[in-house]
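Q: Pasting the feature list from TrEMBL:
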DOMAIN    1-91  domain 'Band 3 cytoplasmic'
DOMAIN    116-241  domain 'Band 3 cytoplasmic'
REGION    243-289  region 'Disordered'
DOMAIN    297-838  domain 'Bicarbonate transporter-like transmembrane'
TRANSMEM  328-348  transmembrane segment
TRANSMEM  360-389  transmembrane segment
TRANSMEM  409-427  transmembrane segment
TRANSMEM  439-457  transmembrane segment
TRANSMEM  550-568  transmembrane segment
TRANSMEM  588-606  transmembrane segment
TRANSMEM  626-654  transmembrane segment
TRANSMEM  675-700  transmembrane segment
TRANSMEM  736-755  transmembrane segment
TRANSMEM  762-780  transmembrane segment
TRANSMEM  808-834  transmembrane segment
Amino acid sequence: RWIKFEEKVEDGGERWSTPHVPALPLHSLFQLRTCLQKGTMLLDLDATSFKEIINKALSGQPEEAELQPALRERLAALLLLQPQHQPTKSLLQLLAELGFSPCRGKAKGRSEPRTQLSKTPLKEQLRNRFKKKVPPGAEAAHVAVGEVEFLEKPFAAFIRLRRGVSLGSLAEVSLPSRFLFMLLGPPKVRAYHEVGRAMATLLTDELFQRVARQAEHREDLITGIEAFLDELIVLPPGKWAPSTRIPPPSHLPPPRRRTAVDPLDQQPHGNGDMTAAGDRASPGHPCSEEELERTGRLFGGLLRDIRRKAPWYGSDFSDALHPQCLSAVLYIYLATVTNAITFGGMLGDATANMQGVLESFLGTAFAGFIFCLFSGQPLTILSSTGPVLVFERLLFSFSQDHSLDYLEFRLWIGLWVAFFGVVLVATEASHLVRYFTRFTEEGFCALISLIFIYDSLKKMLSLADAFPINWHYRLDNVTSYSCTCNLRRLFNPILTCLSTLQCPPLPSIRIIPVTLMKPDPCHFAGLSRTQCLDQGGHLLGTSCQYVPDVTLISFLLFGGTSLFCIALRRFRSSRYFPVAVRKLVSDFAVILAILASCAVDAVLGLETPKLLVPSELKPTNPARGWIVFPFGVNPWWVCLVSAVPAVLVTILIFMDQQITAVILNRKEYKLQKGAGFHLDLLCVSLLMAITSIIGLPWYVSATVISLAHMESLRRESSTSAPGEHPKFLGIREQRLTGLAVFILMGASVFLAPVLKHIPMPVLYGVFLHMGATALNSIQFTDRVRLLLMPAKHQPDLVYLRHVPLRRVHLFTVIQLLCLALLWVLKSTAAAIIFPVMV
């Protein structure tokens, strides 16, 4: 059988072989051409049953090859027998057969009588699991070849029905049939079999299919075979074994222009990619060039974005009704929570808790929810970014040095940024995005990905400070290790003042009784470390700094989670388990990895650092409220001076937002609902004003988390031929996953009792996985690998065929230098000009 690739029943007769590229003897194609030239050919035959087809084929022979009536009857009776198909059975069915009938078999020398072909499909055809592999709209073609002793010369017939007809139980699965080819003749050492394989291979070729459907004469089919022969690649027999099965390629080559007899053949044959591109270029799916064209009117681009996205708004919710969206929600939620805690903690350190973890949670939930509800590209995830954090730190230091109120100063900057953003939207400044090249996109994406990887490793290394590794521990010295609580320095002042009656003011001591008896050290032997330090004591001993190997198990959880994510993501292309199971495991890969790592942590019971979520809705700094007033503490001229730093922030927000938008709207993602560059920028600008008034952090598109969101919503074809990899169909475009993520963010305060069981190293492992995945998604990474590869080991990449290798390396080296410059810039106080450098 053939569905793009060939499969054979193995010699044991119990299983199908692995799919492979058919290898044909060249002579079989010449013999097939002869059969079509001299045999029976019926084009556009009107018939409704296989028996009618056989009768017309036998009666329509050429005069020189006409069979005698007796031979025709015997041949018709032979062809009308029920063919024996090899059923596709599941593992459970095979085990059941072995269990219930282990001794089943045929008696030697006895054969079961074969029945006549049924006019209606059999139950085995309707229940055949192989039908899941057949794409919708497919038709069956039948090739019947064999050797019969009563024929003296071959009988060949090629038949094309006018319309597809179900031929009863002839096919392995119940499908309409249009093409039939028969070749029977006297014994001739596998010649007929190879001719039949050649015919089947031709019928799986896209060009020959079109020729066969449109052919009006015998010569048209012959010309189709000639075109097929023109493209053959011959393998020398001494360098290759004909029994070798060539595995299907991981990616089928794109169809090329072919010369054929019909004018339609001059058009390129479209595969899924070209079809999607055509759909994208149709009036219903505007291409990116149209999205970024200037209208010449105020807010013209914004109005066009709204008109483009409005028809899709209802489907943005209905398209989310799929189990894959649930896994995406949980994955992105945990990633966003970790990011909010990380940036919230750093923001609190930079601003004396004027903005902390709670503000980060509330701001992320509020800004993300509003953005997903009204934006043009709802797959974008908003988050705090590194350059914004640097600006907040510099702004707080400037406010402290000049005795200015930080939140009020920040409010005016946010209002100016919102105003400048609206001006950019009104003047359609987003059209500048079309000038962003691969160089800029890849540099920015690589930088953000490396920041994710670097921060996750930095957080893990900092665990060694809180949970130091006991390098000096020796098993032989275990008897000398001890740790006691020393409170003697608290009792010495008490005894001294009682003897001199000149007591200094004593510290407030709640639980130590004041007695004249000498304190017993054993009385304090049962105090814990926390109790000892709370009572003002200190720890003495060689093992006081000993911590169990929390750092070691944290690194194991960190690396294990990242490796789990990678392995379970790749499980989709594994050879084990049915397709539905593999797809389900792959969709929930990150969640399963987190659950597995949490289970390991719970079993070991070590005090690894856990995810701590604020449990009270109150500002981190008690000195501030929830509303920031524009006038009060700072001088009046601050509202005007704030426009200067606001220009820098506007550039930062514009570049960060639009570069991420360009990356997310690449053509290779096959987005069907279009982008909304102007609408997205307007939403971010207005949110800048609102978050400034409430005193919450500023938010912009997060490149890595947004890419992870896109990857978790990949759609692939549900049916694929044996040996063919599922086709990438696009992204599940909808708003519900983002809305659910930010609703859960807002509810995290109430989920604190559950979230506190998740170790932070597990979430840092997810961060590492996200950064590595985003880094591997760009061409820049492949070209960096080429720098380390000898030419003979380099992969066969398309651009290496057309661009000299030294030019490729030069391009990559320049990108590496620019990336290094951006990294150095980001790590210094000059990071405020980061967007200008981009």
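Glycine residues also receive a Cβ, built from the backbone N, Cα and C atoms like all the rest.
Just so you know, TrEMBL annotations never went through curation; they're auto-generated.
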Q: Would you say the transmembrane segment (550-568) and the transmembrane segment (360-389) are touching, if the rule is that at least three C-beta pairs must lie under 8 angstroms and be 6 or more residues apart?
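A: Touching, no - the transmembrane segment (360-389) and the transmembrane segment (550-568) miss the threshold of 3 or more Cβ pairs under 8 Å.
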Q: List, by number or range, the same-chain residues at least 6 past the transmembrane segment (439-457) whose CB is under 8 A from its CB atoms?
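A: 342, 386, 558, 659, 662-663, 703-704, 707, 764-765, 767-768, 770-772, 774-775, 777-781, 811, 815, 818-819, 822-823, 826, 838.
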Q: Residues sitting near the transmembrane segment (328-348): Cβ under 8 Å, six or more positions beyond its termini, same chain?
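A: 355-361, 364, 368, 381, 383-384, 389, 392, 455, 459, 590-591, 594, 611-613, 620, 697, 702, 705, 708-709, 712-713, 737-738, 740-742, 744-745, 748, 755, 758, 760, 763-764, 766-767, 770.
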Q: Cβ under 8 Å to the transmembrane segment (675-700), counting only same-chain residues 6 or more beyond its ends: which ones?
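A: For the transmembrane segment (675-700), the list is 288, 291-292, 299, 301-302, 304-306, 308-309, 343-344, 347, 354-355, 359-360, 362-364, 366-368, 370-371, 374-377, 380, 382-385, 388, 392, 407, 410-411, 413-415, 417-418, 420-422, 424-425, 428, 430, 433, 619, 624-628, 649, 652-654, 656-658, 660-661, 665.
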Q: Which of 409-427, 588-606, 736-755 shares the most C-beta pairs under 8 angstroms with the transmembrane segment (626-654)?
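A: Per the Cβ under 8 Å count, 409-427.
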Q: Might you confirm whether the transmembrane segment (762-780) is in contact with the transmembrane segment (588-606), defined here as three or more C-beta pairs under 8 A between residues 6 or more apart in sequence?
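A: As far as Cβ distances go (cut-off 8 Å, pairs 6 or more apart), the transmembrane segment (588-606) and the transmembrane segment (762-780) touch.
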Q: Let's see if you can do this one: DSSP helix, strand and coil counts over the domain 'Band 3 cytoplasmic' (116-241), in that order.
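A: In the domain 'Band 3 cytoplasmic' (116-241), the DSSP-based counts are 48 helix, 31 strand, 47 coil.
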Q: Taking the transmembrane segment (550-568) as reference, which of 409-427, 736-755, 762-780 has the most Cβ pairs under 8 angstroms?
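A: Between the candidates 409-427, 736-755, 762-780, the best contact partner of the transmembrane segment (550-568) is 762-780.
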Q: Let's see if you can do this one: DSSP helix, strand and coil counts over the domain 'Band 3 cytoplasmic' (1-91), in that order.
A: 38 helix, 15 strand, 38 coil
